[in-house]
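Copied over from TrEMBL, here are the features:
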- 430: active site (ACT_SITE)
- 481: active site (ACT_SITE)
- 490: active site (ACT_SITE)
- 50-503: domain 'Glycoside hydrolase family 9' (DOMAIN)
- 1-27: signal peptide (SIGNAL)
């Protein structure tokens, strides 16, 4: 009864969130008009069912859940897992997300996933309609865990599981018997990257829930401020103290300066407290505000921070942040073929290509930034100037749409890289739970080594991880759909998170929602 009552209360709260967010969108017709004006009349009819893709991109997160699954769980082949997580240190770390195709909970990419899901809802949630509730549930599943991980002062629990031992097994999360050791950072063993990213996630999510669940929003924001202060005061890379456990899986190669700038940007956005604006203006250059790195990912947040801070200038007229418009412009210019500063590689079929390992994460994150910056430019009636070339918001949207369309099937392989979308999609993804028989169909335990026969099987995965976007094709647009090719066949939460916002924008632009 108590569980049923709690579930009912949560549903009521989420429904209120949905109504209030949609009401906000209606109350500010400029936002909605912007979406309508950009209906891509120059492209003709929609190439894809973006609404269907949006729904599936959010559903995917239910397949990545760890912990006790709710009665509302729609990915039915999954079961409860990790129910004693945290017990190794006498803390409750049940819940959260598995990052990709394994059974480890890595705090660094989980926090980035939560930040990007929140940003997707902040920018485009008013367009999501029926999917908004599901998107907020996906965010809350992440933030509930991050609140647990940051509940002790000056300590953050940043990982559950031993990735080396986990990767030596191929077993369902419901069966896993590998060590669930807990890693933490504290004042003596700092981890500024993961601490600052966690602060960013909590701050961004506080904006999402501010109107519909103010008490939860305040809890998130209070935690974000405290965690940011810890990250800034106790500086040091988590890849140093925890190297044997986080490398090479989620080593921080870009340093922690980008996360500090990113987190400060989100706290400025969430609080409007002048102390965060002062922090940004004083420390921005030191933290790499004008560096020429043009990759946005779970590791490097510089570009995301530039675009986010540009909004404060373009939309909210925060004069001290005027330089971030130029910084954001430089990134956009690097993406556009034919401009003097173009430096982005594309495959022969037109896919943005950064690197062979999980390249689609850069495609989705970049597409989101293109659409978001185009929104800011449209509001402020501005353009991007790349040397002597003028790039309009419409051009940025066209580049983003081309990337999303490629992902959904407009490519030389005729392959949708989202599982369950379209008529041809990957069937042998690198994912333990998807590739092994479900607990309902095979109740007996599948041991650590017994599962490897499924890893190397040529048959399709028995459980469809609907909405999962995988690493994608190589630099020549080739994809072999082989389960043991993790670079190209593995999904990840941080691939999907920014895609949610991009798909919401495209679905609305074509009148699908």
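Yeah, the Cβs are placed from backbone N, Cα and C, and that goes for glycine too.
Nobody curates TrEMBL annotations by hand; they come from automatic prediction.
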Sparsest-packed among the active-site residues, when each Cβ's other Cβ atoms within 10 Å are tallied, from 430, 481, 490: 481
Here the Cα-Cα span from residue 481 (active site) to residue 430 (active site), rounded to a whole number of angstrom, reaches 9
Confidence summary for the domain 'Glycoside hydrolase family 9' (50-503), mean pLDDT rounded: 96
Quick one: pull the CA-CA distance for residue 490 (active site) versus residue 430 (active site), whole Å only. 5
